[in-house]
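S.K.: The N-acetylmethionine annotation in Swiss-Prot covers M1, and the record cites similarity to another entry as its basis. The annotation phosphoserine is assigned in Swiss-Prot to S19, S45, S59. Taken from Swiss-Prot, the feature domain 'sHSP' covers 56-164, and the record attributes it to sequence analysis. Residues or ranges marked as Zn(2+) 1 binding site in Swiss-Prot: H83, H111, H119. Annotation source Swiss-Prot lists N6-acetyllysine at K92, K166. What Swiss-Prot lists as Zn(2+) 2 binding site is H104, E106. Feature annotation from Swiss-Prot assigns O-linked glycosylation site to T170; the stated evidence is similarity to another entry.
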Amino acid sequence: MDIAIHHPWIRRPFFPFHSPSRLFDQFFGEHLLESDLFSTATSLSPFYLRPPSFLRAPSWIDTGLSEMRMEKDRFSVNLDVKHFSPEELKVKVLGDVVEVHGKHEERQDEHGFISREFHRKYRIPADVDPLTITSSLSSDGVLTVNGPRKQASGPERTIPITREEKPAVTAAPKK
């Protein structure tokens, strides 16, 4: 019995599953584009190379922003939570971690019914006191979690170097 073995780098243009990894090219949690599900006429060509997924604009540019910053005087986290009301959000500190949780029950939007839930955890830097963490929600739906960084204890000073006449390392006694 003869079995045809195809080289994995050679794609047959009319084989419908010539690119099964296309769905795995996306970033986890990113939305699917129509081109991810259906082949275009150009993608059926054996010479077509799909552009890398990093060239696609991530969806958090318009929704789902999550950004952590370490500035000179403070630690801050900005999180887009515009789909949640303040009552549907919870921010808590557990040891050296800030945990943000949001959940809303099913409700109608322009596409149908939707329910959402998320959990985010951010490690608090060592120079931020967990008791000083605060949070606020802006009018455009961005949750900000802040904490001031501890300042160095005292001003910088130069320590003079003194010279000693005796050696720091002496010879070990011989046996």
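Yeah, the Cβs are placed from backbone N, Cα and C, and that goes for glycine too.
Here the structure is a predicted model, which means the values were calculated and not measured.
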S.K.: Using DSSP, what's the helix, strand and coil tally for the domain 'sHSP' (56-164)?
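M.R.: Counting residues per DSSP class in the domain 'sHSP' (56-164), I get 9 helix, 56 strand, 44 coil.
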S.K.: My understanding is the cutoff is Cβ-Cβ under 8 Å with a sequence separation of 6 or more in the same chain; which residues meet that for E106 (Zn(2+) 2 binding site)?
M.R.: F113, I114, S115
S.K.: Give me the Cα-Cα distance between T170 (O-linked glycosylation site) and H119 (Zn(2+) 1 binding site), rounded to a whole Å.
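M.R.: That separation, Cα to Cα, works out to 60 Å.
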S.K.: Select the most exposed residue of H83, H104, K166, where exposure means the fewest other Cβ atoms within 10 Å, treating these as the recorded positions.
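M.R.: Selected from the recorded positions H83, H104, K166 on minimum Cβ neighbours within 10 Å: K166.
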S.K.: If you draw a 10 Å sphere on the Cβ of the residue listed as 'O-linked glycosylation site', how many other Cβ atoms land inside?
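M.R.: I count 7 other Cβ atoms within 10 Å of it.
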S.K.: For H119 (Zn(2+) 1 binding site) and K92 (N6-acetyllysine), determine the Cα separation and express it in whole Å.
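M.R.: Given the Cα positions, H119 (Zn(2+) 1 binding site) is 11 Å from K92 (N6-acetyllysine).
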S.K.: Please work out the mean pLDDT for the residues of the domain 'sHSP' (56-164).
M.R.: 86
S.K.: Determine, to the nearest whole angstrom, how far the Cα atom of H104 (Zn(2+) 2 binding site) is from the Cα atom of K166 (N6-acetyllysine).
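M.R.: About 74 Å separate the Cα atoms of these two residues.
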S.K.: If one looks at the chain holding K92 (N6-acetyllysine), which residues at least 6 apart in sequence have a CB under 8 angstroms from its CB?
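M.R.: Non-local contacts for K92 (N6-acetyllysine): V98, E99, H101.
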S.K.: H83 (Zn(2+) 1 binding site) to K166 (N6-acetyllysine): how many Å between their Cα atoms?
M.R.: 72
S.K.: Given K166 (N6-acetyllysine) and H111 (Zn(2+) 1 binding site), what distance in Å do their CA atoms have, once rounded to a whole number?
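M.R.: Counting only the Cα atoms, the answer is 83 Å.
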S.K.: Give the number of CB atoms, excluding that of H119 (Zn(2+) 1 binding site) itself, located within 10 Å of its CB.
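M.R.: Looking across every protein chain shown, the total is 10.
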S.K.: Within 10 Å of the Cβ of H111 (Zn(2+) 1 binding site), how many other Cβ atoms are there?
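M.R.: Other Cβ atoms found within 10 Å: 6.
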